Amino acid sequence: MKNYKMNFIELQVTLSFCVVFLLRMLGIFSVLPILSKYGLYLNGGNKFLIGLAVGIYGATQIVFQIPFGILSDRFGRKQIIIFGLFIFFIGSLIVVSTNSIFGLIIGRAIQGSGAISGVSMALLSDLIRKENRIKSISIIGVSFAVSFLISVVSAPIIAENFGFFSIFWISAVFSIFSILIVFFLIPSSQNEILKNYKKNIYQKKIKFIFNKIFFRFYLGVFLLHFLLTMNFLIIPYEFELSGLALHYHWIVYFATIVFSFFFLFLIVFYFKFHFFLKNIIEICIFFIFLSLLLFLLSQHNLICLTFALQIFFIAFNILEIFFPSHLSQEISINYYKGSIMSIYSTSQFLGIACGGVLNGLLCTFFNTNHIFLFEIFITLIWFIFSFFCKK
């Protein structure tokens, strides 16, 4: 009988990555609740440039994810992760050395160019056995939620008492701690560097990493975050119309996120996740479709909106854990893993960017019901495509 318990090394790697992701995401998320207010006080600050300062991080992430993945396949994942964290550290220092909105934009752009998400997931999948990857990614997923909740609560307090730039000093310190954790606590993968790397490998590599099976995951994570962004730019408005004051929204988000993670852990650790693994993508897409239908039919009813949001979060979190863990199992050639996981991360950021831009465009000409109808149509296309692209 196979041992599905995590061994000491797997637990150490998982917890180390948890801390690294927690510290890094605290530095990223902490800016969001305060930038719109304090950015106006910077030299040259205006709403457009503040929006650019927010978006430039995601733009450089999109640009550098794949190059970092290719470099990790060639030179090693651990070295590239440390290099990316150092770039994030440099970006933080650039921000605190200026009092200009343009310095903030440049610093945020450099922070984003340390694009290590895909490389980190590739190294994690190198070091964790297949049967334990879902558990490991689930635990790390919690660190994302925790970092978001801590950031939303603490960032305004820190900025009010210690100043706007204190957030970036904290980000710089967290980057150094993260580098030390990666260097001392996370081992290198034995197979992560291709010893006989040749130039003629690229043609085979491109054909391999863009095959139908992988494309299903690339498209899946793109649409998942596309729908998430589309929803969260209109759901707060729907909650306000239902009578829920803005300063109470966090309670609904907190409750639904916590319950969705509880549901996820129940599946992963007690039901072993495998009893409906074969059709998991289609099942979750169906529940996303159901949640969007409930949003459309809610008529600003608070209970209906909350229930729809809960269904959406459950399906979202299951796919958010399933996609990277199962994708890593599909990669039969280890030295392509960094490139594939980086394309996956790029698809994720592209989904967020496209969701935000298209939502802004649609909101200019249509109401929220039309947007929900558009999302339902996209979800149906996704379901059909996923069904026919099954392995």
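We count from 1, first residue shown onward.
Backbone N, Cα and C define each Cβ position, glycine as well.
Here the structure is a predicted model, which means the values were calculated and not measured.
Residues or ranges marked as transmembrane segment in Swiss-Prot (evidence: sequence analysis): 15-35, 48-68, 81-101, 139-159, 167-187, 217-237, 251-271, 275-295, 303-323, 346-366, 369-389.
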Check your understanding: Hey, which bits of the same chain come close to the transmembrane segment (275-295), Cβ under 8 Å, at least six residues off its ends?
Key -> 216, 220, 227, 231, 235, 238, 304-305, 307-309, 311-312, 314-316, 318-319, 322, 372, 375-376, 379-380, 382-383, 386-387
**Study point:** Tertiary contacts of the transmembrane segment (346-366) (same chain, 6+ residues out, Cβ under 8 Å)
**Key:** 55, 58-59, 61-62, 65-66, 117-118, 218-219, 221-230, 233-234, 374
Point to revise | Outside the transmembrane segment (217-237), six or more residues from its ends: residues with CB under 8 Å to it | key: 246, 249, 281, 288, 292, 295, 305, 309, 312, 316, 319-320, 323, 326-327, 330, 343-344, 347-352, 354-356, 358-360, 363, 368, 371-372, 375, 378-379, 382, 385-386
Check your understanding: Which bits of the chain, at least 6 residues beyond where the transmembrane segment (139-159) starts or stops, bring a Cβ under 8 A of a Cβ in it?
Key -> 14-15, 17-19, 21-22, 25-26, 29-34, 38, 124, 166-167, 170, 250, 254, 257, 261, 264, 317, 320-321
Check your understanding: Out of 48-68, 81-101, 167-187, 251-271, 369-389, which stretch touches the transmembrane segment (303-323) the most, going by CB pairs under 8 Å?
Key -> 251-271
Review point. What parts of the chain pack near the transmembrane segment (167-187), using Cβ distances under 8 Å and only residues at least 6 beyond its ends?
Key: 9, 12-13, 16-17, 19-20, 23-24, 26-28, 30-31, 34, 78, 81-82, 85-86, 88-89, 92-93, 95-96, 107, 111, 123, 127, 155, 158-159
